Structure formats: structure tokens, C-alpha cells
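**Student:** Sharing a structure here in C-alpha cells format.
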Amino acid sequence: MLTLHQAGLTTTPSIAPLDGTIRPGELLAIVGPNGAGKSTLLSMLSGFRRAEQGELRLDGKPLNEWPIAELANRRALVAQQELPGFDWQTDELLSLGSNPAKSLVAALLDDLDLTHLAKRSVLSLSGGERQRVMIARGACQLLSRGSPTAKDGGLLLLDEPTSALDIGQQQRLMRQLRAWAEQHRIAIVCVLHDLNLASTYADRVWLLHQGERIDHGLPNQVLNPQIIADIYGAELQHIEGRRHGKPLLALMP
Amino acid sequence: MIAILNAYRFRARLPINRAVRVLVGLTAALLLALGWSAASGALGISPWGLLSGQADPLSVQVWWQLRLPRLLLGVAVGAMLAGSGAAMQGLFRNPLADPTLLGLASGAGLFVAVWIVLFQDSGAGSLYGQFAAGFLGALCVCLIVFGIAKRQGGGSAAVMTLLLAGLAINTLAGAGGGVLAFIASDEQLRQLSLWGMGTLTNALWRTTALALVLIAIALWLLMRSARELDLLQLGESTAHAAGLDAARLKRRVVVATSLGVGLCVALTGVIGFLGLLVPHCLRLWLGPGHRLLLPASMLGGALLLVVADTLARTVAAPAEIPVGLLTSLLGGPYFLYLLMRRNRAC
């Protein structure tokens, strides 16, 4: 469990101080327009950028007091698309940073529809395939640690995990993230651009604008068409999802 | 050698059989090359003769005092250059990186040239002085480069800065070398140019023994960084989240490399392209994982340098070709070939 107490960054790109709790088993979406500070906030949550105000605590212990190697057992980060150095084989890349059992690697490859690519070199994959490999690696890092506590499976931070995926793979990934969160009690934080994905799959949403969290709560509260249209500068129409009751936003022509 | 194998065995979870096969194979090849090299030279000395005590005293003297330290120095320098090449390539996540790229080799070279031209006397201390000068030169470059990089903070900008700082230092060292050549006496000029071409002729026990110890320490530091170098390939922020202290890794690799390479340059001059050629070829064969690539590169570098040095001192015997010329003749065209072929990323 990660808790924030007036945590913020003062140097640009800055983040206004915020409070919050990210609980095991939930999927939190961070949304907001370009340059709102989503990736910066994620970087702060991961501890890569240290909070300059306030404090973050992971499992009750201040984030910057965790030894870096132990912290790696408790939280993983999948940054925005970055080419790995050199030409790794997919299943080798999955094992970087942890010492996973073969069965775990196989299960994760299967979860993300990558089994047929296990022996391919990563640089020969398509953008979407590579993105799924990097997400599987992040999950592998969390799930391969020695003795997972039943109550709290750690924290998985994903920066725009669906940016290179087609809609079928987007659905598959988001469902898989939900499944991981529930089965392994992992807290998952996703930076998302697609508000409808956030609405459909997230438990809670943080809405960021100009480095400040201007709203947070349940998706159907936060993703208010009026406010969204305002801060994104977009003309939208609101569609009530008929079968699942989740609000959807569509662009006006 | 055994230490390298052991260090590998304890952390392996990779296809261990293959790794052991590769390392044992390379070790065997290196031992064969050493046997061949020990027996050949201007004075043919059979190893059996040495072992059974039938060789004449002069041969025994030559073998113990000249050839053995030279063999050991070849192994150490080859392993150091190729190992630090592999580590640098991992650190910069770029297969074209090399210790010469950071300016380490040329910085050490400049200091040694300064020593030869301005301070050297003919006394017994001259070799130690050269030694210390190279050491100091690499250390200075190391401190300058890191001072610059530190101001830039972390991230990929810092890596770019490191490369540019290396470029500036290479240029500066080249100019400094030119000035020194201009003011040097004829005798010094000849010494400078012979040393500059790279040769293992200076192998004497008193310097080699110390070099062996220091290079072994540097190699050990690099071996300890293998797993972290693997992690770094994920990119800096992801690697940090996966448990990597990138600043510590950089510090350790650059210090180990600069000390080892500074030493090598002081003793043998600049032996080019070994650090580029060996890791690159081995990576094509073995894949990018540093736990296998680093020890394999060290063995491969030692093998290549021992073979090249044996050729260098036998092809035109009793005259001797500087071994640096041979490696550059081999490595230069390969480097050009790489650049021409390299259209795709990495």
C-alpha cells in the first residue's frame, strides 16, 4: 500500500502537493491532457524522482528509506516506450531484474499473448508486441519475489501501457491487469490517454491538470463531460454505456 | 581464470551448460595459444626442455625473465581492454563504445608522453614513472569527465555529455601529443613513436607483477557489475525501479576501466580496437547478457592479444612489429565494415 501525505515536487516539472492512498488489488488510472504531469507523478510514485515536499510511504515506511534492491521487490515500473539496449530474446528480457521460475515466465507470456514470440529477439518485434513484453517484465519483477504476502502484492506502475496496442489487445491487457490486481493483490497505477479505458476498467481515477490533481474518485464522478471538455479543450458527447452502465465519451465531429 | 569461472557459477541461472562450455572452450584455446607462444620466438625454447631441466641456462633465463612476464602481460592487457570494452558498451547501451571513446586511453597516453619527454631520466625508476603517469592520466580524465557529467544530472543527457567530454579530451590529448613530439629529442621521439604504436616489449617482472595485481582487481570489479549492466539495458528509470543504483554502477565501471586501461596504456602504449572488436563479435555469438559476455570477452581479448603478439614477434624475427599495428590493421577495417552495415538501430 502506498500513501501520500502532501507529497509534491517544487522544481519543474512540478506537482502540487497531494494526499492519497493506493490500495492492494485496485486499479488506479491517472488521466489528464498532454503536459499535465502524469509521467512526472508516476516517476514520483516510483521513487525515481524524490518528493521535494511532504512524504510518500510504502507499507508504512518512507519511500526513500527503502533500500533500492528491496524496493524492487515491492514495486515495478514500466516506463513509456524505450528500446532496450542490445538485442535480447523475449524470455531473457522478461527475467531481467528478477530470478523468475520458468513456469512464471511461461504464464506471463501466455497472459499477454506472447508465447509464440518467446524466442524472438526483442528488436525484431512490432511496437505493440514490444510494449506487451515490457509490461510482462514489470509484472514478472513483482510476482517472482520470494514470498508474496497474501494481503499485499506490491505496486505496478505503468506509463501509457496501451499506447501502441490495437483495440483487441487493449481490452485483453486491461482485463489482464484487473485479473493480476485481484489474484495477486497488486495495486496497479496506469497513466492512460484513453478516457473510455479509464472509465471501463479503473476502480478510481486521478485527474491531473497543469501539475495539479484537480479531481479524484470513481470514474463516473471524475470523468464529467463538462470538466473534461474544459480542461482538454475538446468538444465531447456523453454516451451512457447500455450494458455495463459505465459512462463513455465520444468526440463530436 | 578459476576465479572468473567461479564468479560466474555462483550467480548463474542462465543456460548454465552452454555458458560453462563456452568459457571452458575459450580457456582451453587460451592455454593452447599460451603454449604455442611460450615455445616460439627468436630463441626457440621447448616447454618440455624447461620442465625436464634439459634446456641450457641462457634459454631458461630468457624464458623466465622475458617471455613469461610478456605472456602474462599479454593475457592481462588483452583481458582488460576487451573486458572494459564490453562493460563500456553496456554502460552506454551502445555497441560502438570503447574505452578510447571516453578519452581514457588518450588521456593516459598524453601523461605518459609528458613523462617521457619532460621528466624521464635513465635511472631504474623510469618504468615505474611511466606506469604512474598513465595511471594518473586516466584518473584525471575520469575525474574531469565525471565532474562534467555530474553537473548535468542523471538521464540520457549525462551519457551524451560523457561521450562529448571524451571527444574533447581525445582532441586535446592529440594536440598535446603533437606539441610534445615537436619539442622532443630524436631519441625521445623514437621512444614515443614505438611506444605509441603499442607493444608488449616492456614486460619486466617488476612492473608486470604489480600490473597483474591491479588489473585483476579491475577485472573483478567489472565482473561484479555484470548483473547490474544487464538491468541498465532496460533504461535508467525502469532499471532504477528494478533495483539498480545506476550512479554506483557508473562509478564502479568507470573507475575500474580507467585504472585498468590507464595501466595498460602506460605499459604497452595504445593497443587499439581490441575493446571494440572482441565484445562485439562475442555478443553476436553469445547474446547480450553480461554475465556470460564479460568473462568471455576477457578470455577472448587475452586470446587475441597473445596470438597477435606471438605473430608480431615471430613474423619478422628477430625484428619485432608493434602488436598495436597488427590489432589496428585487423580492427580498423572491421570497424568501418560495422559502420557501413549499421543502418538499423543497435
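Just so it is clear, glycine is given a Cβ too, placed from its N, Cα and C backbone atoms.
Below are the features I grabbed from TrEMBL:
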{"type": "TRANSMEM", "residues": "B:68-88", "note": "transmembrane segment"}
{"type": "TRANSMEM", "residues": "B:100-119", "note": "transmembrane segment"}
{"type": "TRANSMEM", "residues": "B:131-149", "note": "transmembrane segment"}
{"type": "TRANSMEM", "residues": "B:161-183", "note": "transmembrane segment"}
{"type": "TRANSMEM", "residues": "B:203-223", "note": "transmembrane segment"}
{"type": "TRANSMEM", "residues": "B:253-280", "note": "transmembrane segment"}
{"type": "TRANSMEM", "residues": "B:292-311", "note": "transmembrane segment"}
{"type": "TRANSMEM", "residues": "B:323-340", "note": "transmembrane segment"}
**Student:** Can at least 3 Cβ pairs under 8 A be found between the transmembrane segment (B:253-280) and the transmembrane segment (B:100-119), with each pair 6 or more apart in sequence?
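**Tutor:** Contact criterion met.
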**Student:** Would you say the transmembrane segment (B:161-183) and the transmembrane segment (B:292-311) are in contact under the rule of three or more C-beta pairs closer than 8 Å, pairs 6 or more apart in sequence?
**Tutor:** no
**Student:** Among the recorded stretches B:68-88, B:131-149, B:161-183, B:203-223, which has the greatest number of Cβ pairs closer than 8 Å to the transmembrane segment (B:100-119)?
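**Tutor:** It is B:161-183 that shares the most Cβ pairs under 8 Å with the transmembrane segment (B:100-119).
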**Student:** With a cut-off of 8 Å between Cβ atoms, can you find at least three pairs linking the transmembrane segment (B:68-88) to the transmembrane segment (B:203-223)? Only pairs 6 or more residues apart in sequence count.
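**Tutor:** Yes, the transmembrane segment (B:68-88) contacts the transmembrane segment (B:203-223).
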